[in-house]
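Novice: What follows is a single structure, and I will ask about it in a moment.
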Amino acid sequence: MAVTESLPLPAMENGEGKGGGEYTQDGSVDLRGNPVLRSKRGGWTACSFIVVYELFERMAYYGIASNLVIYLTDKLHQGTVEASNNVTNWSGAVFIMPLLGAYAADAYLGRYWTFVAGSAIYFLGMCLLTLAVTIPSLKPPPCAGGVCPPASGLQLGVYFGGLYIIAFGNGGTKPNISTIGADQFDEFDPREKMHKMSFFNWWMFTIFVGILFSSTVLVYLQDNVSWSVGYGIPTLGLLVSISIFLAGTPLYRHKVPQGSPFTRMGKVVAAAVWKWRVAVPADAKELHELELEEYTRKRKFRMDSTNAMRFLNKAAVKEDGSPAARWSLCTVTQVEETKQIVKVIPLLATMFVPCTLIAQTNTLFVKQGRTMDRHIGRHFQIPPASLGAFVTLSMLVAVVVYDRLFVPAIRKYTKNPRGITLLKRMGVGLLLQVVAMATASLMESRRLGYARRHGLDAAAAEVPVPLTIFELLPQYVLMGVADAFLVVGKIEFFYDQAPESMKSLGTAMSLTAYGVGNVLSSFLLSLVSRATRERGDAWVTNNLNASHLDYYYGFLTVLGAINAVVFVALSSRYRYKVESTETIDIAMDVKGDTAKKIQN
């Protein structure tokens, strides 16, 4: 397995700085490129500004996303399938764009400046959306007598223009903000390494607090006060969050951009193919590599050669006298970085279907709730999107229980500092997702049975079924608990397993799974709707009482189960980066030694 070598600090950084503080050892710098003191920058103090930003930003994003399917059907007068697909298509763009942001951050601008530029674009999109729901001429007239005027090209253009500007801005913010947060902890300091392990749990905790506010307060305001207020508040919240992030700038640690990861990986693959006939020497020391001092000077990381994916080692074989010797010669570190990314791609592919299942919580789950009795008392009606709050609440509880109770307890038996491995954590989440979708299918079957027994499926328009919306709680709660295992584990896994110079790309890969999953959701819903409609028994129509949404949920359950089996097969063969466990083990030893000293 590849091992990242510890970088010796320059002479001025060994031991003490001018102020008597210790410098970080992971290559962290300030915005001017100067080494930073551990006591002056980073840690939880710097992270507090970043975490507060994420709290408000998630409030803004989910203030739009949670109730988007309702706005599209009620205000823009789109059908169930069209609206659901527009939601997932937009969500797909939101989570695919981070690939561009990761490229810009790692190759040119750095994470901080890419994030700042993305935030400005993001805020512009939020302002445009708020205008679109506020100015009367930018909204179609309300339905009258069962006739709903379609939205004009201008109205659709302005609204969807705002949505996709947000998606573009999100490409700059999303892959970098969590990476900036993780960068505040020094990989080579055992105690800070332990803090980073908890960072991702509390990061997700903060995110879901923002989501909780959006799916309750903002959704209620949108449904019962006005969409202008419901969009205006998260827009102002985003402005506040950007200001808070910028205020913390003097406290942040930064990483120097180390070039485009796509260019380096492309060169490695091209060089290996070009030299496919060249034999790889038995002694890895004969492969091309720079001196450690060169990496130290550039504040980069050097890696040792491994025999995994041995064909790619050909890219580091020296060829004297060859006309292509210069362009086709890569360093061992470049080869090993490429291997690390390549080996997580199959696992990334198994995240697409789970993200498709997650997409249902903001689309069909919401439409399903719209068909049920939403009253509490005589006068108060629960917005159907507010049930998403139970995904958040169950996830929040599960994350706290996992981090504070489960991990310390299971660690005694597994001897793993994380309690269980990241892939096992993700696997538990996949299984819980399958159970959640099976539960949703059973509940929908019960709802449809009631509707048909009372003749509601024959009504011209969709009539609410007199079953309480709270009967949908089990599927929401199970989804939330699944997120605590899968979503947190997925983000940490792809960040942790990415090479040090490609952390933004690792984060972007985990987000890309959401993008592909949402696009896959649109594709599957369109395909199934068209195929079943042509057979004369459509599974999903504008009137869910006359549909077979239970069949569609059952189809997704089977798809999720098959995907889980593939994931288990792939994860059982996966080998983690050595430094991912070695540095943590060191941290655990230090923590144990400290505890013994206190006891003595």
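Just so you know, glycine gets a Cβ as well, placed from its N, Cα and C.
The feature region 'Disordered' is assigned by TrEMBL to 1-27. Positions annotated as transmembrane segment by TrEMBL: 112-133, 153-171, 200-221, 233-252, 344-365, 385-405, 426-443, 476-495, 507-531, 551-570.
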Novice: Check for me, if you would, whether the transmembrane segment (426-443) reaches the transmembrane segment (385-405) - at least 3 Cβ pairs under 8 Å, residues 6 or more apart in sequence.
Specialist: no
Novice: May I ask you to check whether the transmembrane segment (200-221) and the transmembrane segment (551-570) make contact, with contact taken as at least three Cβ pairs under 8 Å and only pairs 6 or more apart in sequence counted?
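Specialist: These two segments do not touch.
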Novice: Is it true that the transmembrane segment (112-133) and the transmembrane segment (233-252) have 3 or more CB pairs under 8 Å, sequence gap of 6 or more?
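Specialist: Judged by the Cβ rule, the two regions touch, with the required three close pairs present.
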Novice: Are there residues at least 6 beyond the ends of the transmembrane segment (233-252) whose Cβ is under 8 Å from a Cβ of it, and what are they?
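Specialist: Long-range Cβ neighbours of the transmembrane segment (233-252): 31, 40-42, 45-46, 48-50, 52-57, 59-61, 63-64, 112, 115-116, 119-120, 122-123, 126-127, 129-130, 180, 184, 214, 218, 221.
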Novice: Are there residues at least 6 beyond the ends of the transmembrane segment (344-365) whose Cβ is under 8 Å from a Cβ of it, and what are they?
Specialist: 65-66, 68-69, 83-84, 87-88, 91, 385, 387-388, 391, 423, 429-430, 433, 436-437, 440, 472, 475-476, 479, 483, 486-487, 490, 493-494, 497-498, 509-510, 512-514, 516-518, 520-521, 524, 540, 549, 552-553, 556, 559-560, 563, 566-567, 570-571, 574
Novice: So which residues does the transmembrane segment (507-531) touch in its own chain, when a touch means Cβ under 8 Å and the partner is 6 or more beyond its ends?
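Specialist: Residues 81, 84-85, 88-89, 91-99, 101-102, 174-176, 178-179, 344, 348, 351-360, 363, 490-491, 493-495, 498, 538-541, 552, 555-556.
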